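J.: One structure, pasted below without further comment.
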Amino acid sequence: MLTSVLVRLVAWSVRRPIWVVVLSLVAAALSGVYVAHHFKINTDISKLVENDPKWAALGHAIDDAFPQRSQTILAVVEAPAPEFAAAAANALADGLRREAEAGRIGQVSEPGGGPLFEHDGLLFLPEQDVATTTAQLASARPLINVLAKDPSIAGLATTLSTTLGVPLQSGQVKLSGMAKLLSRSAATVDDVLAGKPAAFSWRALVDADAAREPARAFVTVQPVVNYGALQAGEQASRTIRATAQALKLDERFGAAVRLTGEQPLADEEFASVQDGALVNGIATLAIVLVILWIALRSKRMIAAVFVTLFVGLVVTAALGLMMVGSLNMISVAFMVLFVGLGVDFAIQYGVKYREERHRDPNLEHALVGAAHAMGMPLTLATAAVAASFFSFLPTAYRGVSELGLIAGVGMFVALFTTLTLLPALLRLLAPPGERKPPGFPRLAPVDDYLDRHRKPILIGTLAVVIGALPLLAHLRFDFNPLHLKDPHSESMATLLALKDSPEASVNDVSLLAPSLAAANAAAQRLGALPEVGRTTTLSTFIPDAQPQKLATIAAAARELLPALTQPAAAPVSDAQRVAALKRASNLLEYAAEDYPGPGAAAAKHLSESLAKLAAADAATRERAEHAFSAPLKIALNQLAMLLQPSEITRKNLPPQIVRDWVAPDGRALVQISPKVPKGADPGDDAMLRRFAKAVKAAEPGTIGGPISILHSADTIIRAFLQAAALSVVSITVLLWITLRRFGDVLRTLVPLLVSGVVTLELCVLLGMPLNFANIIALPLMLGVGVAFKVYFVMAWRAGQTGLLQSSLTHAVLFSAATTATAFGSLWLSHHPGTASMGRLLALALSCTLIGAVVFQPVLMGKPRTKRVTNQSQGIDE
């Protein structure tokens, strides 16, 4: 009955082709207008997964209490010396605060910097370290006095010359003890002479951490985001870069600003999806055209297929927007799905039309005959594919759920246009007759071989597949979303460079406590866990033993501040500067000769470098002046501020810091960082799993970082298992209702399941873990696989033999080729997640195709001999 309805629909379309084409184009035009006015993409990835209310409440509570902490941008200021990095970060933060006042960005802060740490930084050291540091500074008072009096390069050269005189000769100083100073000075002068960015860090002489290159300082910015744009935080990033450029941080400090954090990572991820999309799209279209030409052998038929696809795609887009309101970053893939499966329907009908046209030259008879042969298989395939997509509707993975809804509806649109618009267009375009039927007659011997050796092939295949099942125990899900991002993008490269830095805090988790006292108690409990490296609350910013530390610092300040605050000497002429450099060079040469051993090579090197600097032009010496004198002035000023701290209390903490850790209603935040063993990878999955499990067990209210990622991974895996089970059940019921034979249902499902199992087994063998991106490939291939299996079982039920050489295999192979081209183009994407999806799709499609073309005919065997029976038959059997 259904076949006759479909045949009448095609016959009506063939008799009234102009009406059908006009109505289709009108529907496409109206749909296009709707899409143009309502097209929206929501790039907020937090909306892709629906968490259970209890879990969602934890995240919402922190977001509501501390909205400034979400989707932040971390501006990483890199400079040749920590003095320059700190000064550049301060300048950038001041400039960005003016932008925040204008409303272009949100809150601006300096992690580990700003006035609090500039004045009171020494108070955060342990009491013994404060005593040691101030004692060292006091003993260096004569040197500090000389440096502060004349911090110019001439003054530094003179100080060096003085040191190389009596102090060295009397043994007060040793050349070996000056080795670090001399070698670093020589390296800085060499950079100046080579025209490279150069700065001499005075902090690096006494602080090993400050010696790391490049030196970094940080500014955190809360962006004003627009989730209607592909790159929601792009405007904020532009503001930061423009501010840095306007402040001339590069010229003043040799500083560069790189952006990372949640928002830049998301923005660059979406940008990488776009990157190369046009070229890939054009290449994909060209390859699809070639494949269609080989499959259909007619420009008119190809034109008809493209028009049919375009109309169906526009109508599906309009229906999708009506149903979901706005697309998300996953549901937008419905276009690739529609093209891949829509082309399949068109090729199946078109190839069958070619076969019918070879038998009967009459165009209308061939079009109706193709509908009689393919109407039922196409309808069953559509229903099965749609069922596989609709199986995601009840799951918590909203991104794929909406994709399934749109793609499932799109399959019915594709079927309707294939059975109405495509025949009407072919009737109007009137392709020429077919000289030979489509198919692969050369594969007849393969058909015969498979038929004769059916049982050994079947047993061998199943033995290998079943024998490899233990591999599935090693199938891995990579839950770290950072592995899906382009490591060469600025935001990701910067984040990787910061993997050992607490400012990145990628793997930190958070706990919202009812009060600061409760937060401190929780921090103490969590800090005792072996998996936890550090806990932070507002109380972390209130140092202990402050009276003792303040007294120690005050004693040092009484000795050092007069030297640090004295007026600097007047600048000298360039001639005097040259003379000072030459004298220092000569004395270094003598010292290297007179005191061989450690430090002699560095002295010789610096002697040669200073001689070259003295012989260079005045502009080069000005750059050397900036490289040595500017960091020294900054360092001396920083030291003067550090020697004038004031007691830190809860009341006088900067309001911005308080707001970052305590909400207006009194609730307080605890930040917990994992303990990373020395030399270990901070992103190690096993370590993060242990950390997340331990912290969650100790404090069930913790959320964020690896805890949230693991929860999302569990939710997504559950969604896919639920959808897979629902899909198999719904497809089984659909096939049973349609085919009415349990054996035929198994002949359809077993090859599908075998293809899926083999795909996962090969993932293990090829080292391809599943992840948040490529797992989406599995339901896509389930849909394609169901369609292929349905075509073959319907042909087998109709009594067709020699399936490999048939027009059906011709259609399936070229349909798979177009689908592989559409999906495989993802493999070429610059986005690692999209590329991994393309790889898995290519693998899954290969397994699906082999399962349909080779394994399924072997499983089915020879067609049944039809006989008169009272058994209830399947639809149109």
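Cβ from N, Cα, C; glycine included.
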J.: Which stretch does Swiss-Prot mark as transmembrane segment, out of 73-93, 808-828?
T.: 808-828
J.: I'd like to know whether Gln245 shares a side of the membrane with Pro441 - going by the topological domains in Swiss-Prot.
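T.: Membrane side for Gln245 and Pro441, as annotated in Swiss-Prot: different.
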J.: Contact between the transmembrane segment (457-477) and the transmembrane segment (301-321) is defined here as three or more C-beta pairs under 8 Å separated by at least 6 residues; is that satisfied?
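T.: No, the transmembrane segment (301-321) and the transmembrane segment (457-477) are not in contact.
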J.: Can you break down the topological domain 'Cytoplasmic' (1-16) into helix, strand and coil residue counts using DSSP?
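T.: So the counts come to 14 helix, 0 strand, 2 coil.
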J.: Between the transmembrane segment (327-347) and the transmembrane segment (808-828), are there at least three Cβ pairs closer than 8 Å, leaving out pairs fewer than 6 positions apart?
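T.: Contact criterion met.
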J.: Mind checking how the topological domain 'Periplasmic' (394-404) divides into helix, strand and coil residues in DSSP?
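T.: Summed by class, the stretch gives 7 helix, 0 strand, 4 coil.
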J.: Same chain only, please: residues at least 6 beyond the ends of the topological domain 'Cytoplasmic' (796-807) with a C-beta under 8 Å from a C-beta of the stretch. Say none if there are none.
T.: 351-352, 354-355, 437-444, 446-447, 450, 739, 744, 747, 853-854, 857, 860, 862-864, 866, 874, 877
J.: I'd like to know if the transmembrane segment (373-393) touches the transmembrane segment (775-795) in this structure, counting it as a touch only when three or more C-beta pairs sit under 8 Å and are separated by 6 or more positions.
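T.: Yes; at least 3 Cβ pairs under 8 Å.
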J.: What are the DSSP helix, strand and coil residue counts for the topological domain 'Cytoplasmic' (740-748)?
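T.: Each residue of the topological domain 'Cytoplasmic' (740-748) counted once, the result is 7 helix, 0 strand, 2 coil.
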